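Pulled from Swiss-Prot:
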BINDING   GLY9, GLN10, SER11, GLY12, SER13, GLY14, LYS15, SER16  ATP binding site
BINDING   ASP59, VAL60, ARG61, SER62  GTP binding site
Amino acid sequence: MKRILIVTGQSGSGKSSALQVLEDLGYYCIDNLPLALLPEIVAKLDHENNLEQLALGVDVRSTRADMQEFDLVFEQLQKHGTVDVIYLTTQDQELIARFSASRRPHPLASRFKSLNECIQEEKQLLLPIQFRSTVHIDTTDKSVHDLKHTLLSKLGQSDKLILILQSFGYKHGIPLDADYVFDVRHLPNPHWDLELRRFSGLDEPVRRFLESSDQTNEMFDDIFHFLDKWLPVFAEGHRHYMTVSIGCTGGQHRSVYIVDRLKKALEAKWSIQVLHREMKHWS
């Protein structure tokens, strides 16, 4: 296991939201386990699973004795990877407002304590973990999206949208998972040239044939400029994946060529995955 994150902090500061962000980034997330059980669980996961990123949510519901033993737990976890502690905090008045708005009780609530007293007690209980924190985030004025971008910055993670470029053949059906579909069946078809039929859109003879057509170049330019303009907007909308499908008749020549050319034009800016759906049908 390469990286272990312990996510903790004051109740109401956004631990659940932070774990959701980390899950979206590919972390295997576990929440609300007692501190004393963490070394055993992590050792088991490290032995039985090929996990590279693990995030553990810890809160004040662990016992006082567990909290005092945090240094020992931390050292045991270090045997399995690099350990960072993300500590979330929020100003008292904002926490009170959040609990009032949600109408949920504080984990330390009782009929003998005010909400403010619960908040102060929790701060003291969490001190052993706070002293170990390597990432400290004040969420007082942060939305969930703000928290996401702060986490990405603090952890050195990329928030790049993953662009999936897919070629397909209309005769095999339109992909159901496509966000956008572009039809390139009007372009010159290498299939009707017997010398080109056996090749795919990845091969140089087909590339030369298609690039000799003004229509091909104009179609590519239009698709490229559309994606180049709008992908940043989609990414700002907090999308993690975008699937763009390019279709020709059989999914071997024209669509494959356009997908390959788009990949080369866009890969400097975006994380790209390529799928040639009809490859098994290529002659």
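Just so it is clear, glycine is given a Cβ too, placed from its N, Cα and C backbone atoms.
Feature annotations (Swiss-Prot) mapped to structure.
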residue	record	DSSP (3 states)
GLY9	ATP binding site	strand
GLY14	ATP binding site	coil
ASP59	GTP binding site	coil
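Taking the centre of the Cβ atoms of GLY9, GLN10, SER11, GLY12, SER13, GLY14, LYS15, SER16 as the ATP site, the nearby residues of that chain (Cβ within 8 Å, site residues left out) are ASP59, LEU88, THR90, THR139. Annotated pair ARG61 (GTP binding site) and SER16 (ATP binding site), C-alpha to C-alpha distance, rounded: 14 Å.
The binding-site residues in question are SER11, SER13, SER16, and the one with the fewest Cβ neighbours inside 10 Å is SER16.
For LYS15 (ATP binding site), the same-chain residues that are 6 or more apart in sequence and have a Cβ closer than 8 Å to its Cβ are VAL7, THR8, GLY9, ASP31, GLY57, ASP59, LEU88. Annotated pair SER13 (ATP binding site) and VAL60 (GTP binding site), C-alpha to C-alpha distance, rounded: 13 Å. ASP59 (GTP binding site) has a Cβ environment of 21 other Cβ atoms inside 10 Å.
VAL60 (GTP binding site) has GLN10, SER11 nearby among the binding-site residues GLN10, SER11, GLY12, GLY14, SER16, counting only those with a Cα within 10 angstroms of its own Cα. Packing around GLY9 (ATP binding site) is summarised by its Cβ count: 29 other Cβ atoms lie within 10 angstroms of its Cβ, all protein chains included. Within 10 Å of the C-beta atom of ARG61 (GTP binding site) sit 13 other C-beta atoms, taking all shown protein chains into account.
Other Cβ atoms within 10 Å of the Cβ of VAL60 (GTP binding site) number 22 in total over all chains.
Every protein chain considered, the tally of other Cβ atoms within 10 Å of the Cβ of GLY14 (ATP binding site) stands at 24.
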